[in-house]
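**Student:** Under the heading active site, Swiss-Prot lists D75, citing sequence analysis as support. Here Swiss-Prot flags E141 as active site, proton acceptor, drawing on sequence analysis. What Swiss-Prot records for H73, D107, E170 is Zn(2+) 1 binding site. If you look up Swiss-Prot, you'll see D107, E142, H356 marked as Zn(2+) 2 binding site, on the strength of sequence analysis.
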Amino acid sequence: MTAPAELSPTLQLACDLIRRPSVTPVDADCQTQMMNRLGAVGFQLEPMRFEDVDNFWATHGTQDGPVLCFAGHTDVVPTGPVQQWQHEPFEALIDADGMLCGRGAADMKGSLASMVVASERFVQDYPNHRGKVAFLITSDEEGPAHHGTKAVVELLKARNERLDWCIVGEPSSTTLLGDVVKNGRRGSLGAKLTVRGKQGHVAYPHLARNPIHLAAPALAELAAEHWDEGNAFFPPTSFQISNLNSGTGATNVVPGDLTALFNFRFSTESTVEGLQERVAAILDKHQLEWSIDWALSGLPFLTEPGELLDAVSSSIKAVTGRETQPSTSGGTSDGRFIATMGTQVVELGPVNATIHQVDERILASDLDLLTEIYYQTLVRLLA
């Protein structure tokens, strides 16, 4: 373990945040620590608590000029079985291999520390910078995400706040820091389908209507359907059935209904309405008695090459020597809410190989490099 006095400012703050067990939606005073640091260098602070979720909005600078926002979350997922960890999950230990170990090291307290330290340095080096540096931080990203970034964005919209560029600190890198940035995400549309039949005795199938038999051809057609071709930025839309339930548990009873849970991860080539209409047409084609409940988690968004992506890519190249690869793969993030403000959004953070796993860890030295990347991006856009 590296002695605390030997740690960089970024690593000291990262360790402090990791040691706070902020399992979603609990913040465990992580945001207080961040706000104290930002307030000390002149940021205007606005805590925003919605229901049981802590959020804050912080700004430095003037309304004139563009706004660059750092966004992220202080909440982490549960640890899982603590006895399976090599070290205590909230110990924030740097091991003999130079790995910073602990829940949230990658997702995403390391990024938060880098954002704060980079911003402290930037506003001290450029006190009269153009535009604004902003922070949008929540403790509700790993949970339902109803009262976090989504709620803050709704408030900012109501106040006609401007947000030109946003860097989300999600762990975007795959093998080496900065090798991948996310410049968009697919949309996520979930559904619970209920197909009704008629319960009966398996020995008298003519007196029953088996919903499993009825639904199987329709589900097979949905699974085989080619929804779109994708485009230069997105792969084709995917359809996956995640749960299928029917039956009473008895071997001699034809069930009365079937439920299926499925999800679309969809590109900008498809729309919510279009997907819903095509699903309905296939179900009707098979003459099913059905009902469906839809749940939209987020629309697809895309940041095409431009000022933000150029600044981030150039900063990664200057600090690491690497050419970054923009990607829209993976799950959803809070970037989907921020993008609704017309904001260019890029996700850039540590290597994601161990996120949500036992023994989550990242290379400790990567956080100092990430701080420099964030700092250089600030300089390129707002100095």
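Glycine is treated like the rest: Cβ placed from N, Cα and C.
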**Student:** Within a 10 Å radius of its Cβ, which of these recorded positions (D75, D107, E141, E142, E170) has the fewest neighbouring Cβ atoms?
**Tutor:** E142
**Student:** For the binding-site residues H73, H356, work out the Cβ neighbour count at 10 Å and name the residue with the minimum.
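**Tutor:** Relative to the other binding-site residues in H73, H356, H356 has the fewest Cβ atoms within 10 Å.
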**Student:** Where does H73 (Zn(2+) 1 binding site) sit in the DSSP three-state scheme?
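**Tutor:** DSSP assigns H73 (Zn(2+) 1 binding site) to strand.
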**Student:** Counting distance between Cα atoms, which of the recorded positions E141, E142, H356 is nearest H73 (Zn(2+) 1 binding site)?
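**Tutor:** Nearest listed residue in space: E141.
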**Student:** List the Cα distance (Å, whole number) between D107 (Zn(2+) 1 binding site) and H356 (Zn(2+) 2 binding site).
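**Tutor:** Between the alpha carbons of D107 (Zn(2+) 1 binding site) and H356 (Zn(2+) 2 binding site) there are 8 Å.
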**Student:** H356 (Zn(2+) 2 binding site) to D75 (active site): how many Å between their Cα atoms?
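**Tutor:** Between the alpha carbons of H356 (Zn(2+) 2 binding site) and D75 (active site) there are 12 Å.
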**Student:** For the C-alpha pair, I'd like the distance in angstrom between E170 (Zn(2+) 1 binding site) and the residue listed as 'active site, proton acceptor', rounded off.
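**Tutor:** A Cα-Cα distance of 11 Å.
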**Student:** Can you check what DSSP calls D107 (Zn(2+) 1 binding site), collapsed to helix, strand or coil?
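**Tutor:** Note: D107 (Zn(2+) 1 binding site) is helical by DSSP.
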**Student:** Round to a whole number and give the Cα-to-Cα distance in Å for the pair the residue listed as 'active site, proton acceptor' and D75 (active site).
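**Tutor:** Each residue's Cα considered, the residue listed as 'active site, proton acceptor' and D75 (active site) end up 7 Å apart.
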